[in-house]
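First the structure, in the form of structure tokens, and then the observations on it.
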Amino acid sequence: MSMSASKEHEKPQGKSQDPAIRVGFFQLFRFATKHDVLMMVVGSVCAVLHGSAQPLMLLVFGLLTDTFIEYDVELNELKDDRKECVNGTIQWRRNYTAGLNMSQPAWGIMNNSTWEMLNPLPGLPCGNLDIEYEMTKFAFYYVGIGVAVFFLGYFQISLWVTSAARQIQLIRRNYFGKVMRMEIGWFDCTSVGELNTRMSDDINKINDAIADQVAVFLQRFTTFVCGFCVGFVKGWKLTLVIVAASPLIGIATGLMALFVAKLTGLELQAYAKAGAIADEVLSAIRTVAAFGGEKKEVDRYDRNLVSAQQWGIRKGLIMGFFTGYMWFIIFLCYALAFWYGSGLVLDTNEYTPGTLLQVFFGVLIAAMNLGQASPCLEAFAAGRGAATTIFETIDREPEIDCLSEAGYKLDRVKGDIEFHNVTFHYPSRPEVKILDQLSVAVKSGETTAFVGPSGAGKSTAVQLIQRFYDPKEGMVTLDGHDIRGLNIQWLRSLIGIVEQEPVLFATTIAENIRYGRPGIAMEDIVAAAKEANAYNFIMDLPQKFETSVGEGGGQMSGGQKQRIAIARALVRNPRILLLDMATSALDNESEAVVQEALDKVRLGRTTISIAHRLSTIKNADVIVGFEHGRAVERGKHNDLLERKGVYFTLVTLQSQGDKALNEKAREMANTEEELEGLNMVRAGSYRNSLRASLRQRSRSQLSNLIPDSVSFSGDLGPRAYSLSRPEKSKMTVPEEEEEELVQPAPVSRILKYNAPEWPYMLFGSIGAAINGGVNPVYSLLFSQILATFSITDLEKQRQEIDNICLFFVLVGVISFFTQMLQGYAFSKSGELLTRRLRRLGFHAMLGQEVGWFDDHRNSPGALTTRLATDASQVQGATGSQIGMIVNSLTNIGVAIFMSFYFSWKLTMVILCFLPFIVVSGGFQAHMLTGFAKQDKAAMERAGRIAGEALNNIRTIAGLGKEKVFVEMFEAQLHVPYEAALKKANVYGACYGFAQCVIFFTNSASYRFGGYLVRHEGLHFSLVFRVISAIITAGQAMGRASSYTPDYAKAKISAARFFQLLDRPPLISVYSNKGDKWENFQGNIEFIDCKFTYPTRPDIQVLNGLNVSVKQGQTLAFVGSSGCGKSTSVQLLERFYDPDQGRVKYDTNVGSQGSQLSRGQKQRIAIARAIIRDPKILLLDEATSALDTESEKTVQDALDKAREGRTCIVIAHRLSTIQNSDIIAVMSRGYVIEKGAHDQLMALKGAYYKLVTTGAPIS
């Protein structure tokens, strides 16, 4: 067992590399039913037949070419007026010499042409070739193949996509079902983020690997095989010559892929450094702002962008080089093939011109399809990689199976729990021993408190009782039975647990309570709510029990969540109650209410309570002291104090300061006054108890729950928090809407930012324009070669062919240089733009006032992503995108101009088909990317349920609700499944259409071409010239149209960027306005300050704050959480400006305009900044997150630092502030009492009551 645990432990580390692929390709289909297999077989047959269509078309094309050439040769022969057509063959005219004047000597007339007539002609056929009839026949062939292709394409895609959808649904259900059965130890070793990624991305990768990509691969591979077959059968010599040159292209493609991958990796690595800096700076924005370090950080970020830029430019250059090289080789191949092939046609008569084309295009199409099949192989590899982890999880048997029916259920449960020599370490940290030979007994019906320092094993012991883990040695028993032998669902149903950070699910209050015990009546829910002291606040809500608590309970305050959780635990009527720090996250008032509820419900149940606040455990029947994973002492409160062990140390340390301070006061205090005191400091605890919960949580192991945007600067805490984990269902929608609502930025403005690079863009565009002209030039040369085959003069014919082949070589050389120019120039301009935008964006971000960062949309994570992706996406509207556009436009422009010039009528006919060709080209480019993106949206709701379940797996396991979540998840899978089935048909039809368009276009064009050749004397080579020019241009345009999403994305990204650059900050960081004084002393005065946080304008934080502190004095702010203590400090640092009133430094400092500029922030420093020799020292809860011992050490250091400086302290424990010169007690945003400690105690007002409750004050 421990072996598997340690293996599990290794897995997360290895996750950074992709898992080794251990799933064979055919194993991907392990979830296919017989029905699915049948669909896949039929789909495969269709794909293979479809793949043979293109080579079949070549055979028709060869015959068609031969027919045209034969017809043209006949026309050329008969233009010679010495020849005529007799009985279907071309012969010399018999009477040609009869009309000559024979009186002259015979030799005079016998010139060369007459001598020629003495040789008999080779009997060329004539008269029986009806070109229109022949073309009609070929047109029907094309239409026939086209119709077949449409249906084959439709079936091959729709059948494969349908079968994949059915299998993927099964995989999703099996995977999620198995994950929900895993033991908690497995979740410790597997991050929730990783599981969510697997649920969405990895399963989508499997989908890509078993859906349309298989059909497309089969189709392309068949075309590859058939193409070569056509080549070898029709003309093996030429095929071998062409194949001999192909390694040059293969090697180049391989090298290019290798280099690009390597350079992309280096570029990302280089940017990752800059990204890490951005993330670090944005996460600590308050510190950066307090030290005025914005400009320095922007420069540091910019320096790290340089290397990313250089790698990007190199990548562009290398891509340009290889693209150019490939075009060069391709044109050399054309030249070689036509030069050698024409020899086989003319000199040895082995081939007809049609055969030459069949062989040449057969090999070309084969090679192209092999290239196009390779992305499919990538999809298969990705799918197999993704399936490795998914299938391993599905096959893994959980060590503790929560849904297992095994194990027995006791008839009577008394509730005695005992640990027998239990040793335990977490699977995720096998080297750390948490429990060490722990032996402890918990009697039924008693309340036993576990106390001890953090990490002593208290919570672990509680988790072993729930059987989240099994001990490595020893055992835990319930009424004498080893709990490993009991039925796990039954065992957990006996236990009610209330945790420090209760988890509520995104549904109503009533449903949340019902999770405790399904199917209970409303009366029971109400009764449980009353017992948990929750009834009153629930009835005050507008929708009462039907109120939604929001995602993770985000709409409820800490105390409310806690009480709902208690009601949920009570409704189970548990025999055993586990209270794990149940009140630590609450402020005084909420704590008192919740504690009262807990005291009520403990009676008569076996209760185990873990607490850090000793006040909450004094009344326990037994207190067990833990240290280093062992129970070192047990007894009642007073016994343990006498023993002077672990418990004594904790008690003394915690209450020493407070006790000495308020011993006398406590004697005088009676209960009524205490309650009044509580009312005095209520101070908006409704929402603000969250802040304290954050502080507690920062100490607990749950620190990873804190979202990015939480700031620990006091009062901002709850607000940033309540906004960063708000009801996601409500929040995410607006966020996406906002992204949509951004008006795409005008290209002109994007180009303005790229203006300094105009020379690069100009040369890049020239290169792109020349590259665009290459396709039509190819059509020109290709048709010219066909024309040479009908020339009757052999000398002239040979010379023509040599010239054309040389021209091919020339075009190849030009192409090489222009591709390189285009690649380099545009990558240079694009990378410079990206760097410029990143720098400007980061500069603008750091220039915003601190309030801007409170908005959840501006969390460090979101902003870093924006810098990384938005800036590089803007390249999609300039740089290489301009190259693509210029390329496509010149391609289409030259092609159409050329076509109209040679035959406007034929051009008009083909242009009717152009839109369809473009659409089909775009569709095919889109196909290569697969369709998983659309499925993502459909999967969102299922994903939300899965996310909620995985994030809260401990709560769900404790409640035994795994099955419920599995069923909810499966119900949500129906929508994406239906969508996938609908998509299969649409997608199949689109694919079939895209594939068959070209056949119909050829059918109409060649038929009409035949008509023009016959009736209007158009040369047949021009028919080929016009058709190939427009069709290749159309396909290129289609491919370019597939880049339009990038273009649209770029404009939106740019718009978001410009929004950031255009936003004027409310407090300008970079401005140099405002006074700077030489003799700054440090007198501070708050005059009638009113303030609300920008993100929560409905909550008044400061409500007319008036307080001042003189040079060298210490002012302490006291009050319950949410009363505005930290806020006042942040106004002083000018993170925010007050809505009304003023903050003044020294005296006579004018109004708003002359307040300190941020440049003067150097004076106002944070605790660790003693180095700067500040005049003002701000200590915001400087020791609150420390345990009692560390606090003392740090406190001594701070006391030294305060000497002789103006100091403002916000404290969490009264013992830390009793020596302050002035103590200001705040409530609801204004000061209700101020004075020294003794004065305030004598007043017997709010301060006195706070002190006498003896608890932490926030």
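Note that Cβ sites are derived from N, Cα and C of the backbone, with glycine treated the same way.
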Which range, 206-229, 566-589, 758-781, 974-997, does TrEMBL list as transmembrane segment?
758-781
Looking at 465-485, 696-716, 717-737, 864-884, I want to know which stretch TrEMBL calls region 'Disordered'.
717-737
Report, as numbers and ranges, which residues of the same chain sit near the transmembrane segment (239-261): CB under 8 Å and 6 or more residues beyond its ends.
228, 231-232, 315, 318-319, 322-323, 325-326, 329-330, 332-333, 336-337, 340, 359-360, 362-364, 367, 371
Calculate the per-residue pLDDT averaged over the domain 'ABC transporter' (1084-1253) and state the result as an integer.
69
Return the stretch with the most CB pairs under 8 A relative to the transmembrane segment (139-162), choosing among 37-64, 351-370, 758-781, 801-826, 882-902.
37-64
